[in-house]
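*Asks:* Straight out of Swiss-Prot:
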BINDING   77, 102, 129, 130, 131, 132, 133, 134, 135, 136, 137, 199  5-phospho-alpha-D-ribose 1-diphosphate binding site
BINDING   193, 198, 199, 200  uracil binding site
């Protein structure tokens with residue numbers, strides 16, 4: 001199910017990222033900040049359980065913690081750019097990695113790395129990638145995680161298009177929550193999002 005997070009701060013920071021005059025440091029800073037804002041909104045939907053602690057004046061207190069492990073799984077390499085912002089609010093979360101490279105002719109992804117923490121199969125898994133373009137990388141990543149037995153998976157992206165959303169929903173129906181900061185207009189002939197952000201990986205790391 002698609003959820004576009006409509007928040008003024010997200011819109012302003014996303015404008016900074018879209019600006020071609022923004023260098024990699026500005027791009028990266030705004031990406032991290034949007035990640036924190038997104039995870040704050042996303043986790044409204046998730047359950048907590050009670051946790052007993054002892055306060056600094058030696059009193060018992062019944063507080064809260066998430067009822068399941070939280071795991072962020074960035075799709076390399078661009079997904080790494082969002083991780084610091086996500087972990088800022090949930091430092092106890094674990095992080096897995098899925099490496100995908102895109103064939104520039106067929107636009108199909110190929111997996112080259114996969115490592116996920118040892119956590120219960122019902123953990124909250126968030127696949128992270130700034131861009132949801134064709135959706136092929138997201139579909140392959142989610143399929144791989146499901147093959148490993150994980151069934152509580154969500155997709156967190158900054159910018160997406162209908163084609164990518166439809167591709168994910170074609171494979172998984174509404175079982176997957178898709179969280180976007182913005183739903184953009186279309187893909188161009190090179191399968192880049194318009195108006196988009198450009199190549200997110202290059203803009204995060206200052207490469208070309």
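Placement of Cβ uses the backbone N, Cα and C atoms for every residue, glycine included.
So that I understand the layout, could you describe where these features sit and how close they are to other parts?
*Replies:* Counting only same-chain residues six or more apart in sequence, the Cβ atoms lying under 8 angstroms from the Cβ of residue 131 (5-phospho-alpha-D-ribose 1-diphosphate binding site) belong to 78, 157, 158, 159, 160, 193, 196, 197, 200.
In this view, residue 198 (uracil binding site) is surrounded by 16 other Cβ atoms within 10 Å of its Cβ, with every protein chain counted.
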*Asks:* Can you grab the distance from residue 77 (5-phospho-alpha-D-ribose 1-diphosphate binding site) over to residue 198 (uracil binding site)? Cα atoms, rounded to a whole Å.
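*Replies:* Rounded to the nearest whole number, the Cα-Cα distance is 15 Å.
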*Asks:* Around the uracil site recorded as 193, 198, 199, 200, what other same-chain residues have a C-beta within 8 angstroms of the site's C-beta center?
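*Replies:* For the uracil site, the extra neighbours are 130, 131, 192, 196, 197, 201, 202, 203.
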*Asks:* Reported as an integer number of Å, what is the Cα distance between residue 135 (5-phospho-alpha-D-ribose 1-diphosphate binding site) and residue 199 (uracil binding site)?
*Replies:* 15
*Asks:* Could you state the whole-number distance in Å separating the C-alpha atoms of residue 137 (5-phospho-alpha-D-ribose 1-diphosphate binding site) and residue 199 (uracil binding site)?
*Replies:* 15
*Asks:* As a test of the contact definition, list every same-chain residue at least 6 positions from residue 199 (uracil binding site) whose Cβ is closer than 8 Å to its Cβ.
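*Replies:* Long-range Cβ contacts: 192.
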